[in-house]
Amino acid sequence: MLPQFLLLLLYLTVSTAKTITGVFNSFDSLTWTRSVEYVYKGPETPTWTAVLGWSLNSTTADAGDTFTLIMPCVFKFITSQTSVDLTADGVSYATCDFNAGEEFTTFSSLSCTVNSVSVSYDKASGTVKLPITFNVGGTGSSVDLTDSKCFTAGKNTVTFMDGDTKISTTVDFDASPVSPSGYITSSRIIPSLNKASSLFVSPQCENGYTSGIMGFVTSQGATIDCSNINIGISKGLNDWNFPVSSESFTYTKTCSSSGIIVEYENVPAGYRPFVDAYISSENVEQYTLTYANEYTCKNGNTVVDPFTLTWWGYKNSEADSNGDIIVVTTKTVTASTTAVTTLPFNPTVDKTETIEVLQPIPTTTITTSYIGISTSYETFTATIGGTATVIVDTPYHITTTVTTFWTGSVTTTTTYSNPTGSIDTVIVQIPSPDPTTTITEFWSESFASTTTVTNPPDGTNSVIIKEPYNPTVTTTEFWSESFASTTTITNPPDGTNSVIVKEPYNPTVTTTEFWSESFASTTTVTNPPDGTNSVIIKEPYNPTVTTTEFWSESFASTTTITNPPDGTNSVIVKEPYNPTVTTTEFWSESFASTTTVTNPPDGTNSVIIKEPYNPTVTTTEFWSESFASTTTITNPPDGTNSVIVKEPYNPTVTTTEFWSESFASTTTITNPPDGTNSVIVKEPYNPTVTTTEFWSESFASTTTITNPPDGTNSVIVKEPYNPTVTTTEFWSESFASTTTITNPPDGTNSVIVKEPYNPTVTTTEFWSESFASTTTVTNPPDGTNSVIVKEPYNPTVTTTEFWSESFASTTTITNPPDGTNSVIVKEPYNPTVTTTEFWSESFASTTTITNPPDGTNSVIVKEPYNPTVTTTEFWSESFASTTTITNPPDGTNSVIIKEPYNPTVTTTEFWSESFASTTTITNPPDGTNSVIIKEPYNPTVTTTEFWSESFASTTTVTNPPDGTNSVIIKEPYNPTVTTTEFWSESFASTTTVTNPPDGTNSVIIKEPYNPTVTTTEFWSESFASTTTVTNPPDGTNSVIVKEPYNPTVTTTEFWSESFASTTTVTNPPDGTNSVIIKEPYNPTVTTTEFWSESFASTTPSVSSFESKTFYSSEAQSSLEIDSSNTFMTSISVSTASSYDESSTIVSSAFPTLHISSYSLSTSFVPPVTLPRYVNTTISSSPSFESSSMYSSVTSAVTSIDNDREVPTSTTTYLHSKLYSESISTVIQTKSSDWSLSLGNSNKPESASTVSEESLHYLSTPGPSSSEYSISFTSEKEGHVSSYVPRVSYTSSVKVSISSTMSSENGMSATHTFGISTNTIPSSTETSIKSATVTTPVSESTNTGMSIFMSTTTESKTTDITTETSVSGEVNLGSATVKVSSSEFISKGTVTRIMPTELTNSESTFTASPSFVLTSTESSVIETPATIEMSSRSSSYSVPLSKLRSEGETTRVIPTSSTATGSTVIGSPSSVSTSNESIITGSSSFVSTTAETISTRSIVTESIVAGSPSLVLTTTVLDTTETTITETSIVGESSSRSLTFKASSLSKGEITGTVTPEMSVSTSKATTGTTSEVSIKESLTTKVPTFTSTTIKPETSETQHSESRTTQIPYSETKGSQLSTANSQVSQTGSSKSSIFESAISKDESTFVSATVKSITTPAVTQYQTSLPNPAVSVSEESGKKSSIIESQTENSATQHSIYFDSIETSTLSNTLANTLVSGAMKNSETTSELTTSDKAIGFSTTTETSIPGATNSALSPSVDSGKSSMLGWSGGIVSTVSTSTRLEDSTATSSSITAANQDSLNPSTVSKYPHGSETIDNGSNGSSHSSSALASTISASHSIKFSAHQTTLSQSLISSSTKTVIASTYDGSGSVIKLHSWFYGLVTIFFLFI
């Protein structure tokens, strides 16, 4: 037993051990002590001593727990010990084993185990010293090469790891004093291998080695291990002259046990050849190596320098020192770190010691990236032998660039990383240009225009910015005047103008509303004068306190008192008085509490009074009954509760004790029922006579005879001669206990005395009296009581007798000394205690045990066990209590369990009844009680509000019963169109017309006429001009007077600042302007020249220049100007520019034009005039919105949405006396024709004009063209200008139009969405925006079977976001769809369930808006779901369900796969799935069709609709067969097939013997050679008969028993014959199985029904080819026929049978002519599936099949010659199926099915998709494809007829370059994906129709 217990203890200890971390918590020091003759402090030289601090906490560390210290780059431990203990105060708290890394791992480690200690501790800590040496290389092994890079000479950080705890210290390492240019030798002992590792590195050749010889030869006694040789070349050495890499090179080696020689050649410069090997040197004190050192450098130097070195050998005194073999093996384990262990080894038996390197499962880390801010990790574990994978998804940011000007002289770029988003900001600051005066004007265009007027050097440039009118915000204020006042504040462009209207005070009505935001909002609606202003204050909802009062009326009244914000609202509900139930509870507080719970009308109010617990007086009475009775009288609070317990009389046990008083005391203790009462009699102490004897035993004996009170007690002590030490302890009992521990002779006996309160020391003395005396000295508390016992010397023999008296008598007979005294004790008879026990027997047993006097006799009654009744109650404590009441035999035991009250969750539901219902579900303890309240539906009020978000939100607020539900719809604010009118009043009026959501609000502003401000400007003309600009209301009209420029006088001054300043003083017209230039002294050199102009000019020496636009202006107003001002319009162009002194490149990136038709005009007018510095370029383009799809090149796809024309022009002016003009214009109109006109003219100074024009047209290619582009390039060369040498503009527009194809069958989709692109400039700035798509989808599917007709689903998709990433895998076919509403068809037809959210990757569904269930009547139930559901999905599922109804077969057809891995949180149900399809890398589609017909399976579905309520839906399905079909797999796909499991089916596989036969024959003739190969394969099975039976409950009265038996083996024969003349393959086979089903009532006495099914499946396949010359016709025909015969017998003696027959035939014929192969295929398929309902009696079917234009011969099929061609064939199949069914009510039902199929096929790829649609991907030869669809009609006579409707799908493709890539996207892998043209066909349709 003890070994088993120890084994169990060991098992429990091992099984509960855990891994802890953080024990090693400090790296106190790392010091070096020189060993042997090492002369420098290198990391590899012994000995380094590491002092580490450790700490163990008893609360977290248990015996057997383990922890590990990882010591990177540590080679070994310099000690003969194998372990070290972690000790503190002499106690070993843990033992750590040394695991040296040596040549096996790149680190060493300590594997520690917590020891079991006998001392109690909270925390133990200390330090441990470890003598170590580091690994910095030494061989070419992978471990040494890795560790060779651990350290460098100088200061290093050494870090060890204990779990996540890292401890570090710094240390200085000396470099090797040996020169690295000479030869390098090294030898290092590996203790675990008992070998030395020797290294040789050839001396350095700086230019490389031509050839060389290296190696070494051992002396006698030392051997070389040729299996461990490393040869390589290292690119350099580390600071200790060890290789850091090992690369392959050309060499030959010769190795034996006595030497290794390597001959090498052609070593590149910078590399050093090396060789290392293991050397065994046991039992010798030293060994000598002779080194071969011969080499020729590439510079021609040849060195031959062999040498010899003596190494001291390694003497190992371990058990394996006698030459045992050590083998190193590698083993993969499931641990997380690498460890080294030595397997058990007995040197007397074993000859091989094995060192195992335990390596963890290798892990491959794959790093991916995405645009984001956080890094995620996903680990895919692997078993041993596999490789685990860790996918690290790292974020990267994209940038947006903001360019600003600053006062510095250089361009700076600063990147600001966004810590919370994925878009960083790059701020580019460029030097500010010359001083510029900016004039901002408003104009009527919708885009901005900037015109820069550049004055001569040292002047002030002007920038005229024309901005669209700012929106105006009108603010109305009230003042104390009686009239109105209007003030207009005009802000800069892109701002908002303000109009402040001061009106006399209107009365104001303030309305306060509450909303769901956490902040307050105030909106003021100001009406015109004499109106009433409104202030709408939106505040966060106040908390509401509802007070319910009762009044005398018979109806209810509710009064709501809404307080101001930040207050508390009150709802006063006055209700008719409800009846009140008062419940009084007790609680643990010392005060009373009263809680009133007022329920809704017609309810019952509750008053819960919590009172301090009343004291309870329990009175127990005994009565004559044999059972117990308890009566509890609970008094009101502040009273005393009474518990009257009536029990059968308990037996009484009387115990007599002694105490220190001089009188007697009797105490009666009455125990609970079924217990034993106690009577404690306390008597004065009797005198005690103690007789001590010595005997020959080695232990002591004490016998105590206690007499009744007034008697004399006797103690007979038999002791060995040992002394006794008495130890006194305290315990909780009220009496003393003495335990004597007798030790062997020569020991010390111990007496352990347990005393109440004070300890007692008992001293026994001998005296001369003849009687015993006991004296007790009682000391105060915390003292020690003394008992002095004086005993006579003689021993006493006591004899006890029983007598009839009721008291005890003691007679002592004292004999002379050396005699024996006698004590005769007479005792009254002992009381008897009867104990009743239960045992497993069925009868009763009584046993009587008689004890000595003053004892208690026992009667043990054993009874059969009583039954037990368990009662569970709730109480107010927070813990559970269990009380067991055991009654006498033949009674019933009670177990009373008191549990804390369960929490209660109240769920309110609405139902269709007009009254309320409350159901309370009380769960067992530790559960949650539920109260389900069902209320009539509340009326709903819908309120629509506007909010600041860009999307719509619907919030439903469901109020308690008898309330009103609210639906709050939050819509984005409507766009507002503001119309301003003038009127004759002196005040402003604003009228706001607010329309419903998705509309446009109107603001009509009526304003008084504006004042006028006159502004005078200068311009380059010689005459004056006046322009009147009329601004919107509340603005100021402007009159702009343009005057010729005043002459300017320029004054240049020097000042002490480091920057230049230019001040322009502009005088009124006809005056003289002044320019004052203040320049710093350096570094400006000013050269003054005279010229013919009337003004001064300063030209700075500019080394760099950069500007976003170029400008020009007239130098003088007197110069000759072209009278036409057509080209003077100021237009801006956005450019990104860079300059240097030699060239200038300007790259213009035009945004995408979002217009319908436009004209693009570019004009270049280069007039040249003196001075040469007046050069200007004016460019403009309109502004427009654009968004982007990623493009790999700077191109744009133009989208069109309206008919307005926007000109774009670029004009360059060069003023000179000789004029020349060049104009080029490109215009595109809605006719899609491009026109390009080029013209130029020379205009001499004499004003004569010679013009030459040419016109070029560029026509748009046909609509099927894949791509064309038009580029416009203009170029201007600077005129003798050193800082503007050359500027080049290039812009391009690419328009992509591709063909499309449409189908009228299957699926029709119309996508309306905006596609826009973004131009990516050289700074890789990327802007990604999303578009909104509205997709109405209508699908129609016909299966051709009467059980399924049509499904139509119309979904309104309100939000589709198409995402295109910059990098990574791109799938343009995916989208994230959120369906906000769905419309389902009416009852009686199949309901299609559209998923509420679809994603292509992992997605989370929270609070799904709806969940649809289909009942047996095919109705739709919508249940709101408030659970959180997480699903990993690769595809979406659209279940098509039609459940069982009378007279029809039930079938469930999912048309697509269902995702796996779904998890539902919040309900006990789980989601099981059956199929998964994964599509990667392409827009292909994988369709999996699973048709399931199961046998009487019960499917239960759980839906959580708002915790904790639970909705259960049970669907009963009937199925007889399972068929799985997978079709249409296009592109790269991964699919997991469905595995169908049914509990009622037996599992088994066909097994048997396969016998192959093959014969080959060849015959030669003059006509040629004929070869024949005959292959035959036979499969014969021997399947034993096996039967499976499944019994499950059917109804409340019957149960279903299903028995399936398979007993007929399956046989199959395959044969093939191949020859050069013909080939033939045949295959036959058949199988048969039977299924027996029966239903039996639960009492197994009534036979209900039985069904026998027999299934026979014969299959025949024949294939024959013939090869006549020159053409070969090949035909193939395969067929499969399945028959199912089902019969059913019921008690009513009715017979029910079903016959199922299906035929499938396919024929293939080919024609081969020369090397041209054309294919044609003929497909014939007829399927009939006919079943009936449970009530059907008879059934019959007739199938007719005809193939027009073809014969039905299997071996020689023919095709209608009029329809066959080289490109394919066409044929037709007409099938007619007629059925009739007779029901019990003699109602006849007949149906017929007619199907017609016609196919035309090219030798190209055919891809089939769901719903019968097909896609044919042809080359460039063009084709047509037609398919048929079935429509169904139902007549009133219960007949179903299917007729064929022809639908033609045609495609015409004309392209001159079919291989042109239409669009490119970047998938992150560097490849370009070519997308099929159908997608861009949709894009083209979009362009053509918007």
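Backbone N, Cα and C define each Cβ position, glycine as well.
Within the set 610-636, 1447-1473, the record from Swiss-Prot flags 1447-1473 under the feature region 'Disordered'. Cross-referencing Cys205, Cys226, Cys255 with Swiss-Prot gives Cys205 as the cysteine bonded to Cys297, criterion being a recorded disulfide. Record source Swiss-Prot places Cys73 in a disulfide bond whose other cysteine, from Cys150, Cys226, Cys255, is Cys150. The record in Swiss-Prot pairs Cys112 in a disulfide bond with Cys96, which is drawn from Cys96, Cys226. Listed in sequence order, Asp122, Lys123 are the same-chain residues at least 6 apart in sequence whose CB falls under 8 Å from the CB of Asn57 (N-linked glycosylation site). Note on the repeat 'ALS 16' (941-972): residues 515-516, 600-601, 908, 910, 916, 933, 935, 996-998, 1358-1359 of its chain, located 6 or more positions outside it, place their CB under 8 angstroms from a CB of the stretch. Here the repeat 'ALS 16' (941-972) has a mean pLDDT of 85 out of 100.
Under DSSP, residues within the repeat 'ALS 16' (941-972) fall into helix, strand and coil as 0 helix, 20 strand, 12 coil. Sorting the repeat 'ALS 2' (437-468) by DSSP state (H, G, I as helix; E, B as strand; all else coil) yields 0 helix, 20 strand, 12 coil.
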